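I have placed the structure first, in the form of structure tokens, so that the comments after it can refer back to it.
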């Protein structure tokens, strides 16, 4: 046993420096809390062990929300990407999302630079092995070498390191991602403290040398020529982009997999953990979708200064010699040189229904968890949780109100509510279909939804807030102008409408109503009734979306109003569910397990049906717990 010694006192300690840990540490320090971030390896801050990309459906909107709340992921990827594309441009604004290919090394370097320059933040290399708990509250941590750090709150963001094991073929060994040191003692400590842990699994594909790829047999996938950014504050854009490339598996690929399934740890029984449904291994895809003649494979550069190419779509834990054969069966990769083999990794995570919506654990006060330890997959989901946990840990210490985002506020609210209310039996991935109010939770309006909240809690400086208010005023004033001004059916007007393929006007029409026609766009309207100033593309887009989808948005807002009424019906913290007669046994068990804060949250628990909610409402409203709530 190492000699223990007092190493320092902080307000907030963050364990881990991945995507969750980086955001948590930055947020806590930014809010004014004296913060310490401890990581096993300082060279691996914000490392991307799997895909070299940020964003995508739902996830890209989360990155925008992180930026609106004062987080850093969006700013970092804007400075370090090699390609950026807006997805779903042919669909409505609710599902549009930005996706960027990252330069993995530059991304790490930029995040490390930002964190090192953040006031109130100390960064130290060290492995935490034990949490110090006194009277049900966390008071510090102990590292592998015996250093004792005291703190009022602790945020655990251990990713896939908790009792991590890498599996390739019939080989299994203790390891974190990319052959880093795993965290075993801390996993044991969490179990000793009474937390329910589950075993999950994720995987990664092989990487190949780009000099050995025959790109003539693949399809080029360029980035957008239009400047794009995740951060609302980005003003300089990277236009020198690198393409990705598309190819497909072949019948031979599928034959190799089927002939070697007995060597796959997934099918041999070696892997016990549950894998991510929406990111299956190539073995799983071939078995589950055996009617498909081929599967997409994207070749994604890992950076500007490396030969490594990520083979997206070929996640596997088959033996290395089988992986080599798989690669050579894919058009364009016949002579590909594998630089790193794909692998699966199993790890411990906690059952997330053990958390409050603030991400504080119910079992231990002052202890928060964020990222893959909570059962999620993905850098963006991790960063979002880290941001919220870091802000709330700091708020806890500083005597401020903690922030809980509702399902109608943000995708981040959907993510956290799903985790703490429903739990998850597989690595959770955020999807647009999970959000009931997705028309309100768009890529374009993340700042309009969240920046005011961020300013109030100290995550956004005055200068940014003033710029935001100026932008908001421009949008509101122009919408008001378009509602008032009449466009007459003169020749200029009819020519613009005809050019868009629309029906000519018979009478005058308000600018806002003309813009609501599906074929019309703001630029066309403003050419007929110019504004006094030239708006940015961002402002123009907002004006158009708010007016074009006004009817749908109003319907969604009415639904939100109903939700808020249910959210405002609070459930007393110490309610005795056993005392409520008429509740179904399953509902009683689930309510006791999740301990929902409101009727709305209770209604979303799996196994709690409308009849149970009615009984619960009557019980509360009849004043049977007046002495408790009073």
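Cβ coordinates are placed from backbone N, Cα and C, and glycine is handled just like the others.
Since we're looking at a predicted model, the values are computed, not measured.
Residue 128 (FAD binding site) falls within a strand when secondary structure is assigned with DSSP. For residue 128 (FAD binding site), the same-chain residues lying six or more positions away in sequence with a CB closer than 8 A to its CB are 15, 38, 141, 142, 143, 144, 183, 186. Marked as FAD binding site by Swiss-Prot: 16, 17, 18, 19, 20, 21, 128, 183, 372.
For 275-289, the entry in Swiss-Prot reads NAD(+) binding site. Around residue 285 (NAD(+) binding site), the same-chain residues six or more apart in sequence whose CB sits under 8 Å from its CB are 292, 295, listed in sequence order.
Counting other C-beta atoms within 10 Å of each candidate's C-beta, the binding-site residues 277, 289 are led by 277. Summarising the environment of residue 279 (NAD(+) binding site), the number of other Cβ atoms within 10 Å of its Cβ, over all protein chains shown, is 18. When every Cα pair among 16, 17, 18, 19, 20, 21, 128, 183, 372 is compared, the largest distance found for this FAD site is 18 Å. When the alpha carbons of residue 277 (NAD(+) binding site) and residue 20 (FAD binding site) are compared, the span between them is 22 angstrom. It is 281, among the binding-site residues 281, 372, whose Cβ has the fewest other Cβ atoms within 10 Å in the structure shown. Comparing residue 372 (FAD binding site) with residue 283 (NAD(+) binding site), their Cα atoms are 24 Å apart once rounded. The binding-site residues under consideration are 16, 18, 275. Their Cβ neighbour counts within 10 Å are lowest for 275. Summary for the binding-site residues 20, 287: the Cβ-based neighbour count within 10 Å is maximal at 20. If you take the C-beta of residue 283 (NAD(+) binding site) and look for same-chain residues 6 or more apart in sequence within under 8 angstroms, you find 257, 261, 264, 266, 267, 316, 317, 318.
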